Amino acid sequence: MKTLVLLLCFTLLWGCQSAPQGTGLGFREVACDDPEVEQVALTAVDYLNQHLLQGFKHILNQIDKVKVWSRRPFGEVYELELDTLETTCHALDPTPLANCSVRQLAQHAVEGDCDFHILKQDGQFSVMHTKCHSNPDSAEDVRKVCPHCALLTPFNSSNVVYAVNAALGAFNEKNNKTYFKLVELARAQTVPFPPSTHVEFVIAATDCAAPKVADPAKCNLLAEKQYSFCKASLFQNLGGEEVTVTCTAFPTQANGVTPASPAPAVEKGIPVALPDAPPASLVVGPMVVPAEHLPHKTHHDLRHAFSPVASVESASGEAFQSPTQAGNAGAAGPAVPLCPGRVRHFKI
């Protein structure tokens, strides 16, 4: 009898520790494709994208698990496990998420996994706890879909550093007004044949005039940040090397009301004189960082790329209205099994 009593006590104690703080012990199960659950999940993804510090926006792919806990004295807490996919829109891109393309398998897709605790009270959602990480698809799986497609390459690869410097140099040479400085290397891929390196990066306007800058380290970013997102490719041909780069300006980061507009770009196919060997350093923000100090990673992991709510104990959270749900809301009634929910795009 004593053993049964002790077992019951331990069971209750474990339940108290595993439940989100401020909730009752009981929770109700809801279908992952329930319209209200999807509304909460879209709110969570919206929060994620609003707090991204670098990398690319993510979009909801699947709701894996959901529990709804009653919260004392009012409201309820949604405990969600979500799968997301990386889009082609950078974190600074003002394009609405609904208009962002999902990065496909052949483009070396990246999947995110997130846990959220979201309080619903008086018709508002407050994010109480977040925890995310992300991983690229394996090279083997990409090769199954597209044997000759470009694969993600570490940021500190000498070929990548070389390509970024060449592209930035070409951009500043073409732009005869403001000197731009690299602030983030967002993505890099290589193709063995024909030998080429493809990079995506963010630059910002400085107080220096282009194209001739003796010491880039002395150039400071403007008070009202003017960012541009660039895509560039460096091709190794029999006749030499060729770099192409195109950049798009984002609205000014202040009271910015200016719409996104094309920034000066190097026309495709213009050869650019390159140094004899890859440079030893790469300009990042206001500093010159040696290439060997760049991180040995192939993408910006959500674990480090966004600023989350620290823990479930910050119960005040950040209150905001949920985004408008677009498209089919899924099944209105409970499904069997309740979870996981439908896959909106594809699984990695």
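Yeah, the Cβs are placed from backbone N, Cα and C, and that goes for glycine too.
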Which residue in the list C100, C132 does Swiss-Prot annotate as forming a disulfide bond with C114?
C132
Mind checking which of C9, C16, C32 has the disulfide with C339 in Swiss-Prot?
C32
Could you pull the disulfide partner of C219 out of C208, C230, going by Swiss-Prot?
C208
Which of the disulfide-bonded residues C114, C132, C247 has its Cα nearest to the Cα of C339 (disulfide bond)?
C114
Highest Cβ count within 10 Å among the glycosylation sites N99, N156: which residue is it?
N156
Measuring Cα to Cα, how many Å separate C230 (disulfide bond) from C89 (disulfide bond)?
12
Secondary structure at C100 (disulfide bond), reduced by DSSP to three states
coil
